[in-house]
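Only one structure is covered here, and it is reproduced in the block below.
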Amino acid sequence: MDAVILCAGKGTRLMPLTENIPKPMLPVGGAPILERIINKIDKLVENIYLIVKYEKEIIINHFKNNDKIKFIEQTDIDGTGYAVLMAKNHISGDFLVINGDIIFDDDLTNIVNDDVKNIITLNEVDNPSNFGVIVVDNQNNIIELQEKPKNPKSNLINAGIYKFENKIFDILETLRPSERGEVELTDAIKELIKENNIKGIKLNGYWNDIGKPWDLLDANTHILKNIKTDIKGKIGKNVVIEGAVIIEEGTEIKPNTVIEGPAIIKSGAIVGPLAHIRPNTVLMENTGVGNSSEIKGSIIMKNSKVPHLSYIGDSIIGENCNMGCNTITANLRFDNKPVMVNIKEEKVKSVRKFGAIIGHNVKTGIQVSFMPGVKIGSNSWIGANCLINNDIEKDSFVYKKEEIIIKTKRK
């Protein structure tokens, strides 16, 4: 059996993090989402076909040394259905299709070993209206698919993992683009439903469709629950390490630093002195957290620095950022209500504690503060003493004008 993983989309709801990086390559628990999916299925399949398009070079360069992986560029037409169709000339039998932006616990052996040819995996949720809803009969035959319905007939949703027989390619070739101009995989599934030829199987354990920034933090927290302590690198005097913590080779933890697990500190990171790393934090490769800085429940991506006297809480900082002294991310409203975040020009409720989403190559001056839920576009500079309470577009230069009055003292 082979597998097709859909990795071509832009991931606009995760902007600014996806302004330079494809969504499947965003880190969760210290590794890209796509790498976690591939590790799940590596022993179940013979070949893995990655359907790529947006920022494809990043994906190709990361996985180019894996002989099992082949890359197919999605051309001409957008849509998940057309993405699957791109693999037609490479696959002869049954195969898996997996969305490239999901985190899940299930090992998928039940799906692979099941005699049923066409399967959609299902997950039970409290908010089915946000997803594609699946209705099944008492034998798990799928009898209806509803796309983000206002009045869902079920709390079972499409979990984005499928098994198909080769016949699906014939159906996909007959489909016309939707109103969005895309060939949709769901339209092919509806044809299988008409034929009474597709079943649903519930996934076991955790599942998360990484569609919004706080989903990254939720999945990150879940993965960190299962880590085991593995401490390498250079550990300075009076360093306190509590709970499950992974510190990779090539790191340096300077004196009097406190690290509370679960947490992961990747190779090349320099932490301290007097830094405080709190639970559910991941510091990616070559990051820096300096004197008296505190990081809590956050992801700091590659090559980014939080040098001194700063607080980063429930936030995500992109690659190659530098936070000036006393940079603060606020993460809680006075009324304890969910933090509101702009997603594609719409205000969306996130979670109770949620900080800032900072894109790539961002610099802040001294004493910059971010209000809960703000997003900072990539390649932006935020000048000293700014309080940021609105989203900032990429390539912006934000600064504050203040009049400084200088007088001669009276004698």
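Every residue, even glycine, has its Cβ placed from backbone N, Cα and C.
Predicted, not measured: the structure shown is a model, and the values here were computed from it.
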TODO: Let me know which member of N66, N118, N158 Swiss-Prot also records as binding N-acetyl-alpha-D-glucosamine 1-phosphate at the site of T80, G132, E144.
DONE: N158
TODO: Excluding L6, C7, A8, G9, Q74, G79, please set out which residues of the same chain place their CB within 8 Å of the center of the CB atoms of the UTP site, keeping sequence order.
DONE: I51, V52, K53, Y54, D78, T80, A83, G100
Open item on the list: If I take the alpha carbons of G9 (UTP binding site) and T80 (N-acetyl-alpha-D-glucosamine 1-phosphate binding site), what is the distance between them in whole Å?
Closed with: 9
Task: Surrounding CB atoms that lie within 10 Å of the CB of G132 (N-acetyl-alpha-D-glucosamine 1-phosphate binding site), all protein chains - done: 18
Task: T80 (N-acetyl-alpha-D-glucosamine 1-phosphate binding site): secondary structure state under DSSP, collapsed to three categories - done: helix
- [ ] For A384 (acetyl-CoA binding site), just count the other CB atoms lying within 10 A of its CB, please.
- [x] 15
